[in-house]
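TrEMBL annotations:
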- A:15-37: transmembrane segment (TRANSMEM)
- A:84-238: domain 'MacB-like periplasmic core' (DOMAIN)
- A:269-289: transmembrane segment (TRANSMEM)
- A:275-385: domain 'ABC3 transporter permease C-terminal' (DOMAIN)
- A:324-342: transmembrane segment (TRANSMEM)
- A:354-377: transmembrane segment (TRANSMEM)
Amino acid sequence: MSLTLLFKSLLQRKVITILLLIQLMLTLALVSNSILLSQQAYTLSNQPTGLQLETTLAIELKPTDENLIVHPALGELIQRQLAELRKINGVRYAAFTNQTPLMFGGMNGDVFVPDHAETSSVDAVPYNYAEAGLFDALQMTLLHGRWLSAEDKNTDNVVLTEKLANRLFGQSHLALGQQISAGTVVGVVADMMYQRFASDQYYGLFFNRDLSRADYGYRLILQVESQAVAAVRQQINQSLRQVEPEIDIQHIVSLRQLHRDVFEQERGLAILLSVLSALMLLVAMISAYSHALFHGVQQQNEIGIKRALGASKRRILLEVLSESWLTTGIGVTLGLLASFLLQQQLATVISLPALPLWLPFAGALMLLFCVTAATWYPAAIATRVSPATATKAL
Amino acid sequence: MDNLLHVFALAIRNIKRAPLPYLLTVLILSLGLGMFFSNATLYYWLNHDPLPHKSQTLFYPQINATLQPCDSCTEPLRVLSYQDVQKLSSSGIPSAQAAMFQSAGYARLPENTRQSPTPVALRITQRDFFTLFDVPFLHGERWADNSARRELILSKASAERFFGRTNVVGEALQLGNELYTITGVLDDWTMLPRLYDVANGLNSAQSADIYLPWETAYDLGIKSNTTTMSRDSRNYSDNFAVNGREGDFFQAQFWVQLDTADQVSAYRQFMQQLVQSEKEAGRHPRPEGNRLTNILDITEHFNARNRQLDAFALVSLLFLLVCLFNASHLSLNRYLASQYEFGLRRALGASRGQLQQLILADVAVNAAVALLLSLTVAMVAMALINHLLPATRNLTSWSPAMLFAMAATALAASYIVSLYPAIRASFGSLNRQLK
Amino acid sequence: MITLTNLSKIFRTELIETHALREVNLQVNEGEFAALTGPSGSGKSTLLNILGTLENFDSGDYLLDGKSVKGLSDAALSKLRNEKIGFIFQSFNLIKDFSIFDNIELPLRYRGLKASDRKQRIDQALELVGLHARRDYLPGQLSGGQQQRVAIARAIAGEPRILLADEPTGNLDSLMARQVMELLEQINQRGCTILMVTHDPEQARRAGRHIQIVDGQLHDSTLYQPLSQPLHQPLAAVQGA
């Protein structure tokens, strides 16, 4: 059917057409921005972590007996607990620490190079008070110098993550032997994702120190054989209770779970918007379906006439489809603009990357596909109109 | 009455005659409304004024009193030190004032030493807390003054949990290693959003189980389990009773009630003079950064809005719009299909007013079905949102007023959706329809 | 040109079988003007629909130009209709949103003609029915007689070999009916075969051949009269007449 005739017929149904166009426009805007958000969430949660997410378990616990939360009773309790945990089949390494990677919040402090206090100061760097065994428990990689050993116990000797060392000294190997506000640098390890909302998610400092108090509880990190993770998890509770019943085991989680929680907000919103997009596509499909169905009925007579004048079923099908393609085409064109507008509006509220051009186009294709699929059946029904009956009607 | 029944019977017969288009219309309307309701519920609980009669009088003062010099640090810390609280409490201007922070502990009945203790959420605070935020007492009363005392106030749920009853004033409860006497039991109380704890981003968390006096906490070394900051090299694991009170250890929120504009300006002046004299004494090396923030501005002040929900709110509004357009489109089709009948009725002598009645009955039936469906959709949607964004878990209840508003919205929406189609159908030219 | 042999059509519902046409045999030659009459329900519309390939039949055969239409695909039947058959309906069946011009253009588009060819044919057809000045009107703006003339223009613009008319004057007053009849006769003289269903005995008499249907069976009461005009005269020649 000719484009001019299609336009004419659209113009005749102004209100319906406008309703349809607005709806298609908004749908495309939402679909492309949901894809954008999902993409962002995906990128965020696929950043390297430097951690063994599946095989590392973190236990967060706190003594409920106040006599046990102070050094040295605390240190002695921790060692007994670790010894018991190491007995579990499948546990390769176990160590305590005052904070877990990927956990929201923790103990943070400023770090600077004393000679360049003004220029080198970095705030909110996670301070890890742990023991030598944490290296294996977190499966760290040593880049320069050495890891902490028994001699470093309760000294100011400190190990930095690579990114922090780079930040303080330009090149990470230059950090070795240097004095920083927190102590003397003895080693540099590869980056691990520590606290997302610290100055940088890859910053971290490590000391070999006893915990003097556990007002905020403490953490035990286990490195587990990959096939034994579930079995180990089940035994942890009992093992720890055996050592000391007066404890509150707050969480036993894999780093994978913590990692998921870190990006919960982004992931959650991306999923919500995707659900909403799917609903919008569904609504667009229902609309296209009922539009085509209704017009099939309304235009029975017209279709009958056309059939009598020699239009084949294929041709009628094409006519109905091309009408919906035209509307979708116009709606989608408006929707491309709306996509960018919505992206701007959303970017004022949440952090959102720019919308790449291909994305709304891909969304447009998807929308076109959905609309076509939804129009097909009622359009096919419309072509089945008996021309003999239809031309008699009225 | 007879007429009313007639129009409703007709409305229902109309549905029966063409159930699919009708169902689709209502389904789409309900999807839009449901998503919108779920979001509006969360948005309401996060943004409404929890104390409309006095929110104008509640303020959060901050001074930039950190002892570490820093010329570029113009913004005061979010939380206050013991010293800050002491100084800001000394004005005598507010009609109520209280410092507070959140902590956690383990509680048990004193005779029950064999059983392991129960984790409890604590709020460390002063006696005016209960006045500031209109906290209702079921039994007993708040502390006599702000001095240290081994007395605690329980939430109703905690009283029931530990004792199985609510009137437990005078009973003893062990918290950590210490024994406390219960001096008060609160009635059910939740303040949403929890604006007094926004500094920690806890605007939708549960209320505390146990309230403990401020000075007692410092005596016993109970610290906040949320934001704490130290700006000096004291060892706060040791002798907190002294270090915590004297040192640069920041953990408290502080609220004052200033009933009149005069009180507000007097308090501002007091803060200025305080900072001035502190500067003279060499205890305020940083630039002046006095803030006095009203409780309704506190979320913005601490940049603690839930941006994800804001974004979702925007989008769900668009979705509602799309659904309205769509439902309107569908219902136009539905009405056009019954145009013939409309025409026939008019030919039989029905006035436009009578036709309007028919349409209104249709709208009412639509609205009722759409309301039920949309509430279902909203519940499912909220469950999904809660699952994906756990911070929203406490924000899902519906008050009667909210339900009423939703019913009104459903009615308005289905009226809007039917309005244009109905006009088209009933005002079309008679002869054309009947020909 | 049209040959029906033992053609039957049965309408079935769950309860009843209705024999709309029983073993019909019919031969229509090129250039004939045949009137089809019969009481309502006798099957005359069914016959017309089958002749126009708008409806299937159950048994027998239908040869159009010597070729059976049985088993032809929808596309082939549509092409056949478009090229060889023109329809005129009692209720005109113009598409009311389309202008007169667009209405006539429709079958020409289906044939895939170039825009210039289409325009030329439409102009000629409109001249013939005397409505050239109204080409941009909508059907609703014309009288019933004018609308039927547009429908005729639409039917003949594609130069069909056969024109099937289903009570073309049924909705018209006598003056307009006469105009339409004259137009049809003019077209027939040009060589176009016409089959017309009618209730009007006067019209039936005017047609060269009168076929009656009763209860789905044919009674051919008029003798075939050979045509005096040459076959397939160009449209322009008729216009001049």
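Here the Cβ of each residue, glycine as well, is placed from N, Cα and C on the backbone.
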Other parts of the chain folded back onto the transmembrane segment (A:15-37), taken as Cβ under 8 Å at six or more residues beyond its ends | 266, 269-270, 273-274, 276-277, 280-281, 283-284, 287, 291, 327-328, 330-332, 334-339, 341-343, 346, 352-353, 355, 359-360, 362-364, 366-367, 371
Where else in the chain does the transmembrane segment (A:269-289) make close Cβ contacts, counting only residues six or more beyond its ends and a cut-off under 8 Å?
-> 20, 23-24, 26-27, 30-31, 33-35, 37-38, 40-42, 324, 328, 350, 366-367, 370-371, 373-375, 377-378
Kindly state the mean pLDDT of the domain 'ABC3 transporter permease C-terminal' (A:275-385) in the predicted structure.
-> 87
In the domain 'ABC3 transporter permease C-terminal' (A:275-385), how many residues does DSSP call helix, how many strand, and how many coil?
-> 96 helix, 0 strand, 15 coil
